[in-house]
């Protein structure tokens, strides 16, 4: 961070100019008339990257809070969205069109987490300059815009799919091929809409301090300021205003039908009542997702609009609380990437069950059975023995990787099967065809593993 300091020089005390116009590091520098009349030799400028004690934004307490909050978002978002993708991929019954769109939403959130979270708060709030180079300047800015467009357009695709399924239940549903085409269109539209951003994203050195210290900032450099304003308004409309309007209209109509009556052509039966209840739960979950998206992204969009409108207002931009407003709105927008998996887990039993099975499966991957006999319930995975029966009826222990699968009472361990398909778990042992003993063996425990579950 840059701040005021002084250094002895032949002309006396020389103050290094401080950033007063844009507290987010990329604005004008507050040089008074006396300072601007001076030539600024580089040896008179001091490269100081730490703030004075009266600047709370660079205090250890605030810096620690920043690292903790953004690190929490980064970890929770990666784990949560990764679990969503894994559960849908390994559960055949969850490979529906809606879940396909939800996976695409999770992929967009992962992209945002990887590029937006670490590469935005560090240069803005910690360093106050861009240390990652010109290529990353273009990539990060482009990825941020693309990920937001993907989230907005995917939510819109989900709402249209739900609208068609509920309002027109007799018409054919959207198939997997059509869903893949929709996802392709979402990414194509997002990549195309954000295409100008990497072109205008450049490294700049807007002040003598940057020139002397050889540090850059990453910002958009437009040849015409009017183009920047027009593109900002277009982005606001395409990634927030128009999708939000469409989402409100579609879900309002769906809610009116689901809670106020029955769709055309749908009969009043017990089965349909259960389906109606299931639809209501799904609509509640998706409305919650849309509401969270609105609450998280609205403050940052309002901040961008106000910043663009007051770009040349020195008094407004030099307000000391501006970095804190940016921090609060930016962190809220970044935290949106970790809320959707929490919503799915809380409001959808299938996702909640899948999360439990995946976490249980991962935790048992390192469980090694070294000497237990197979009659112990903790050493089997729904009837798969971890020890062989000897000729005399005794148990022959083996060192194998076991999997505790107590979440399902099915005849097969679904999660263990999925883990074996992904080669994360060895194949189930096959009982050897052992010869019959010539004489009856002594009394021993039952050779049927399933008898212990009765």
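Backbone N, Cα and C define each Cβ position, glycine as well.
Listed in TrEMBL for this protein:
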type	residues	note
DOMAIN	80-344	domain 'G-protein coupled receptors family 1 profile'
REGION	435-454	region 'Disordered'
TRANSMEM	67-88	transmembrane segment
TRANSMEM	100-122	transmembrane segment
TRANSMEM	142-160	transmembrane segment
TRANSMEM	181-200	transmembrane segment
TRANSMEM	231-252	transmembrane segment
TRANSMEM	285-307	transmembrane segment
TRANSMEM	327-347	transmembrane segment
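Counting only same-chain residues 6+ beyond the ends of the transmembrane segment (181-200), those with a CB under 8 A from a CB of the stretch are 100-101, 104, 138-139, 141-142, 145-146, 149-150, 153-154, 157, 174, 220-222, 228, 231, 235, 238-239.
Predicted-model confidence for the domain 'G-protein coupled receptors family 1 profile' (80-344) is 85, expressed as mean pLDDT. Distant neighbours of the transmembrane segment (67-88): 94-95, 99-100, 102-103, 106-107, 109-110, 112-114, 117-118, 121, 331, 334-335, 337-338, 340-342, 344, 351, 354-355, 357-359; these residues of the same chain sit at least 6 beyond its ends, with a Cβ under 8 Å from one of its Cβ atoms. Same-chain residues lying 6 or more positions outside the transmembrane segment (100-122) and placing a CB less than 8 Å from one of its CB atoms are 66, 70, 73-74, 77-78, 81-82, 84-85, 88-89, 131-132, 136, 139-140, 143-144, 146-148, 150-151, 154-155, 157-158, 161, 176, 179-180, 182-183, 186, 327, 330-331, 334, 336-338, 340-341, 344.
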